[in-house]
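> Have a look at this one.
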Amino acid sequence: MVDPAVEDKIVAATENRFEELPVEQKRKLNMDEEETQSGSGRRHLFGRRKPLHAALGSGKTADILLWRQKQMSGAILVSATVIWLLFERIGYHLVPFLCHFLILALAILFLWSNLSSFVNKSPPNFPDIRLSQELCDCVALLLKDQINQGCLYLRQMTTGKDLKRLMSVIFTLWIVSVIGGWFEFLTLVYILFVLFLTAPLLYERNEDLVDMYGEKAGEEIKAALQKLPLPFFKNTKQN
């Protein structure tokens, strides 16, 4: 059993360390704790058990997706919108855009490096970027595993061993083809990107309502699948 005096010292040290944290980090910890307490014992969408911020990785990516870093999230959204307007509405092409961007960047860096001594400013400090052999090996192994899993996935579907998965993939591809026929490719990518950047925030603000309707929709889909005259849909409820 822990000595009460030692326990009090540990609690006091933890509180002091918490108080020394930056305001943004303390706010993030408090929000995660509130999410954990409010989410305990409740069913979430897609079977999620963790708080949304923790499910997204609890890092900078989660902060951007949930708009806890509003300036960064807004800058990404504005940049994507400008790129979409340049290519889709103004009619700018990708290759000229990349070439003009590189020309402008190289010209600015060249002038900055050569004129910095005349304006009493330090020249740009270019980082020495070199890929390590270990990093390249890890990326190669990761790609190899993903490609092997994809080939195994396709082989299982095409050999007839998993008919349910095959029908699900065919239905998904059909839906994507229908939606893709309504928009240009770049517009579709832009719409998906905006949804990816804004949907987590909207879901977090209306989590209870979305979970409730999502659970009802899942039950209705399962009930509809049970009525289909196909044997591999009869076991969906059991699985």
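Glycine too: its Cβ is placed from the backbone N, Cα and C atoms.
I grabbed these lines from TrEMBL:
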- 61-228: domain 'Reticulon' (DOMAIN)
- 93-112: transmembrane segment (TRANSMEM)
- 185-203: transmembrane segment (TRANSMEM)
> Which residues, given as numbers and ranges, are at least 6 beyond the ends of the transmembrane segment (93-112) yet have a Cβ under 8 Å from it?
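Distal contacts: 86-87, 123-124.
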> Over the span of the domain 'Reticulon' (61-228), how high is the average pLDDT in this prediction?
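Mean per-residue confidence for the domain 'Reticulon' (61-228): 83 out of 100.
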